[in-house]
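Colleague: Residues annotated as ATP binding site in Swiss-Prot, with sequence analysis given as evidence: GLY413, PRO414, PRO415, GLY416, THR417, GLY418, LYS419, THR420. What Swiss-Prot lists as compositional bias 'Acidic residues' is 13-24, 129-146. Positions annotated as compositional bias 'Basic and acidic residues' by Swiss-Prot: 29-38. What Swiss-Prot lists as compositional bias 'Polar residues' is 66-89. The compositional bias 'Basic residues' annotation in Swiss-Prot covers 212-221. Here Swiss-Prot flags 312-323 as compositional bias 'Low complexity'. Look at Swiss-Prot and you will find 897-1026 tagged as domain 'Bromo', backed by sequence analysis. Marked as region 'Disordered' by Swiss-Prot: 1-223, 305-324.
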Amino acid sequence: MRRRARSIRFSSDDNEDNEEDDDYYSNAHSEKSEDHSNHIKVSHFDPSSYKQKLVSVRETQRNRKFSSLQKHLNTETPSFSVSIENPSKPSAAFNDASLGKKSTEHQIDGIRNGSSNLQMEGNDKELDTDNNEDESTTFKDEEDDLISPKSYLTSSKTFSYPKAPTESTNGDYLDEDYVDGQSDPESSNASDSDFADSPDDLTKVRSPIPSRRGRRKRKMRGPILPVKKNLRVKKAMSPLRAERNSPDFRRKLRSRDNRPNYHLFDYYNEIASSPNPSTTKITYNPPKLPMKDFATLPIGYQSTCDSDETSELSSTSSEQTSDVEGLNAYNNLGASSDIENAPSSQLHFGHIDEKTIRSTDPFANRENLDFNSIGGLEDIILQLKEMVMLPLLYPEVFLHLHITPPRGVLFHGPPGTGKTLMARVLAANCSTKNQKISFFLRKGSDCLSKWVGEAERQLRLLFEEARRVQPSIIFFDEIDGLAPIRSSKQEQTHSSIVSTLLALMDGLDTRGQVVVIGATNRPNDLDPALRRPGRFDREFYFPLPNKQARMKILEINSLHFSPKIPESYLLHLAESTSGYGGADLKALCTEAALNAVRRTFPQIYTSSDKFLIDLNEISVSICDFVVASEKIAVSTRRSDVKPNIPITDSHKILFKKSIEVITSKIRRLLKLDVYLPTVESLQKLPAEELMRQKEINSLKTTMSFRPRLLITDIYGYGCTYLSKVLFSMLDGIHVQSLDISELLMDTTTSPRSLLTKIFSEARKNAPSIIFINNVEKWPSLFSHSFLSMFLLLLDSISPLEPVMLLGFANTNQEKLSSTVRSWFPSHRSEYHDLSFPDYSSRYSFFHYLLKRISFLPIHQKSAEAASVDILPKVLPVSKTSDLTDKVNRRQRKNDKKIKNKIQVKLSSILEMLRSRYKKFKKPIIDLNDIYIDESNERVVKGKSKDNFEYFLSGNTVTRKKDNACFKMMNFEEIERRLWSGRYCTPKEFLRDIKMIKQDAILSGDVNLKHKAKEMFAHAELNVDELIDAKLLYDCCQVSKREKAYKQLKQKKLNNAKDAHEMQESKNEETFVRNDVAQEDNFIELSSNEVRNVSNDEHKHTLFHGQSLTHNNLIAVTPPSRTGVEHKEENKKYDNVNIQKTLAKCAEEFAEHTNFNKVELLDFVYSKLSSTIWENREEHDLLKIVRDVRQTFFRSLEDMGV
C-alpha cells in the first residue's frame, strides 16, 4: 500500500500538493504500531484534520463518474471486505445497511469490467479502485486501500468505495490502448494465490464495483504480501502487451484534477467482527546431510534438542518470511534433526579397521599392526584371543554346551604398558577372510554432551549399531571418565549415564555377539557394578615389563636399525631400564634414532631447506642410546607403586654380595623358586594324573607363613642404596611402599585411608612386598592409633598369604622399640645385618672409576669446531622423485606430451622463419674463413695463419681485429636442437634465435642487421600468438622437473662412481695385504716399476695375480710405514703401562678405605670423579693418575683418617 500511495503522489506536478501528500503519508506511516514483516497493517487518521489539508484536491476532483449503484445511494460508501482466512470459501461481503437495490447482473458486470485495489492471488483478475469510468467524477471523502491495524491480527483486506457522487459527471476518460471488458493479462499472471479468493467467489456478492476505465492499471503489490505466481493459471498474452512493453510506450498518468482522496475510515468494528483466519502451516523437510560428511563427525552431529522427533516449523505470516525462517531452521536445526533420526546403519560410531588405522597413521605398517609387535604380553594376548576370538568365530561351541561366553574384559595397569596398543592391534587383526568382525573405538569424552539425555542416546545407538553388525567389539578407552563411581555427591547426569551403560551391557535385552572392552589407569574409580561377571567378566592387569619383557620390547623397536644393535648391549639396557613402561622404551628407541640423525646430518636442523640425504648413512650406535637415556623421563611414577630407580653401576659392584644374599632370602620366603608346570603341559595328562598333580601344586599356597624380613644397618653400610637396587632385581613382584614421605605427601588423603589402600593392593596382587624404610622412626612420627591400625591390617593378612613385610632400619635389632619388634617376631622372621663391603668389593669399586682415565683425552673444543659437510639442496620440483614408480611414470608420460606439443608449435614457427629468412639457414661466417688449430684434423691448406680473419676459440669464433665473439648459431642447428628435445620452453627457443640476431649485429652488415631484428620480432610475435598461458606454464614446470631429474641422475652416477672407486681401493688393499703374507711366491716390484706397467697388464695383475710376461705372482711393495708402526707400538706399550698403574692405584685405594661407613666411600668417590673430569683434555695419562692419587690422600686427610 505504501508503494501505491508513493506512486500516486509522484504522479502530480504540483509541488504544494506533493508536500501535502508527504505530510499525510508520513503521519499515516508513523502510526503503524506493529512490525509488518509478517502481516498486513492498517493506518488510522483523523478525517476532519485530513479534510482541511486536502481541500484543494477535493475541489479539483469534480469530474469523476460513479456507477449507477453509487449514484442511487445517498449514504456513505459501502464497505467491501475480503477475508483470506479460508480461500476455498467465498469471503466477499457487503455491509447490508450500505447496499443498494440494483440487480445482480449489473453488479456482476461491474465486477468484471471494474478493478479494485485487491490483487487476486492464485486467479486471473485484479480489481483496482483507482481506475474509474470518467476522469471528471468527483470523490467525496475518498479513501485508499490501506489496511487497518486489526487486519494485522485477522489477515483480511478491507476496501471502501466513495460516497454518492453528484450527477454532473458524465465524461469518460479512456486509455488509448484500453479495450473495454478485457482484463490485463500481465496483472493476471502476477497474482498471489495464497492470500485472495477466486473471481468466481466475488460474483456471488452484490458489489457496486465500477467498471475499469481510465489509465492502464500498474502492476503493484502490498509492502508485505509476497508475489507468488500460480503456474496453473495462465492466460493468453494480450495483443497490446508487446506494444506496452516497448520503450516508446508512455504511460498516461492522471492529471492534477483527477487525483484521488486519501481519506480513510476506521474499520475496526467490521474487522473485529470478522472470524479469525486459519493458520497456514508450512512444514519444512530439508534434505538430509550426506552421510559421507556425517561420518567424519565424532559420533554424529550434536543435536540442539532433547527430543528424537523431527522438528517442524510453523508460520502464520507470509510465505516470504517463512522461506527465510525455513532456511535458518535448516541451518540451525533441520540438519541436526535429520541426523538424529538417521538410521543407525548410516552412523559412524567410531568404527575402525586396519584400513582406517593406516589412513589415519601414515607411519603404520603391517608389522606395527600385528600381535608380534607387542612384547612381554604373550599371556594376555593368549587369553584375549580365547575370550574374544573364540566366541565370535566359534559360537556353536557355546551353543552346544549351553553356556554364555565372556563378553566383557577390563584392561587396567600403569600408563604406557600397552592397553590402547592392544586394542589397535586387535582392531586390525580381529577379522579373518571367512568372518568379518566390526570394531568400534570410543573414548569416554566422545559420548558426553551438554544436552540432557544425549549421552544416553548415543550409547544406546552405539550398542544398537554394534548389535546390527555383530559379531563386533566395542572398546572404551579411559572408561573411568564415562562410568565413575555413583554417589550422592555426584550429578544426576553422570549417574544416568552409568545406569544406561550398565543396562546396555547386561540388562533385560541381550546384546548379542558384542564384546565390550574397557581400558583405564584407575580401576578403583570405576563403578563397582561394572566389575562383575556379565559385564566385565575378566580383568587383565598390564604390569610394568620385567627384564625379559623389556628385552623383547627393545628388540622389536630396534629391529630396523642399521647396524643392528648388539644383543649384549640390549641386555644391559634392559637391566638398566627397570621401571620403564612399554611406551617409555619405545620413546627411548625413537630418541636414539633421532639422535643418530642429528649426529649424521646436523645441517637439516639449521636450515629450512630440504637437502638430498642418503638414508643409508644413518647408523644408530650405542652412544645414541646413552644420550637418549639421559633425556627420557620415566612416566610410570605412581604413588601406589615404589618407583624402580636404579643406582649407579659402581654401587651395584660395591653391594653385589649383599644384594645377592638379600635377594635369595626374599625368594626363599615367598617361594618364588618353586616350579609349577604350565597349563599346556597339564592338559596333556590323563584326568587321574591331572588331579594328583593339582594336589601337589596346591602345596605352594601353604608353604609360606607370614613372611617377614628385617634388614639392619648399624654403621650406615648402605641401607639406602640397597632399598633402591633390590626392586630392580625383583622384577615380577608387586611392591607397595610405605615410605614416610609418601604417607605424608598427599594432604587431601589421610594416612589411614592410604594405608588401607596399600594393604588392599598388596593382597590383591600377591605375591607382593610391603616395604617400610626407616622403620625405627615410625613410633616417634605416627600416633598410637595409626600404629594400632597398621598392626590390625598386618594381622588381617592370612597366615598363608604370600605378602611379605620388608623393613629397613638404620640401627641394630636391640635398639628397636617394642612396637617395631612385635612386627618382626624372632620365631617367624628373617634378619640380615649389613656389613661393610670387603676388600674385593672396594677394589672393583675404585677400579671401575679409574678405568675411565684410559678413555682420555677428550677434545671437546675440536669436536665442536669440526667442519660440517655441505649437503646438496633439493629443488622444490623434486617432489616427483618421492612419488611411487607408477605416478612417476605417469608424470613423465604427461611431460612427453607437453614437449611434443611445444615442439610442433615451435617447428611451425621455425619453418616460417626459414622460408622467409634464408640468409640465416647457414652460419653468417663462412667456415673456410675460420682458422682451425693444426692439432685438429680440419686444417685449411694453402693459407697461412695470418691470412685468416677469424679463428676458433673454444665453442665460439673470434674476429681478429676487434676480438668479437660469434656464436655461429643458425636455423639448421636450431632445428637439430628442437627435435632432439633441447627446448622445453619457448624461452630457450628464442634465446637461440637471439644469438643469430647478435651475430648479425656484430657482422657490420646493415641489411643483415635489420633482417635479423625483423626475424627476431616475427619469432616473438608468433610465439605469443601460438602458445597460450596454460601451455607456457606447463612447459616451465616440465623444464624444472627435467633439470631436477638430471641433477638427481648425475648425483646417483657420482655416488656410484665413488662407491666403485672405494670398492676397487678396498679390493686392492685386500689383495696386497693377503699376497704380501706369502712373499716366497712373489716377485716384488717397487712402486715406480709398477707405474711403468701398462694399464691392461696392471689391471690383469690386480684381478688375476699374473703378469703378461712372468708366470710368478706380482705384488706391490707397500710404502715404508716404520714411523706409523713405531707410534702404534708405543701407544700399545703406554696402554699396558696405564692399565697396570690403574690396577695398582685401585689396590692402594681399597687398602686405605676400610672406614666402616659407606658415606665416606661416596665422599672419596666424588672427589676422584671431579679430578678426572677436570683433566679430561690432558694427553699425559700418567699425570692424571698422579693427580688422582694426590686427591685421594688429600681427601683422607680432610676426613681425619
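Glycine residues also receive a Cβ, built from the backbone N, Cα and C atoms like all the rest.
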Colleague: So how many of the residues in the domain 'Bromo' (897-1026) end up helix, strand or coil by DSSP?
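Modeller: With helix first, then strand, then coil, the domain 'Bromo' (897-1026) has 77 helix, 12 strand, 41 coil.
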Colleague: Any idea what DSSP makes of THR420 (ATP binding site), helix, strand or coil?
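Modeller: In three-state terms, THR420 (ATP binding site) counts as helix.
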Colleague: Any idea which of the binding-site residues THR417, THR420 has the thinnest Cβ neighbourhood at 10 Å?
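Modeller: Ranked by other Cβ atoms within 10 Å, the binding-site residues THR417, THR420 bottom out at THR420.
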Colleague: Tell me the Cβ neighbour count for GLY413 (ATP binding site), meaning other Cβ atoms within 10 Å of its Cβ, over all protein chains shown.
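Modeller: Here the count is 20.
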Colleague: In this structure, which of the binding-site residues PRO414, PRO415, GLY416, GLY418 has the fewest other Cβ atoms within 10 Å of its Cβ?
Modeller: PRO415
Colleague: Counting only residues 6+ apart in the same chain, whose Cβ is under 8 Å from the Cβ of LYS419 (ATP binding site)?
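Modeller: Within the chain, LYS419 (ATP binding site) has Cβ neighbours under 8 Å at PHE411, HIS412, GLY413, ALA519, PHE542.
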Colleague: Determine, for the ATP site, the additional residues of the same chain whose CB lies within 8 Å of the mean position of the CB atoms of GLY413, PRO414, PRO415, GLY416, THR417, GLY418, LYS419, THR420; present them in sequence order.
Modeller: PHE411, ASN521, PHE542, GLY581, GLY582, ALA583
Colleague: Using DSSP and collapsing to three states, where does GLY413 (ATP binding site) fall: helix, strand or coil?
Modeller: coil
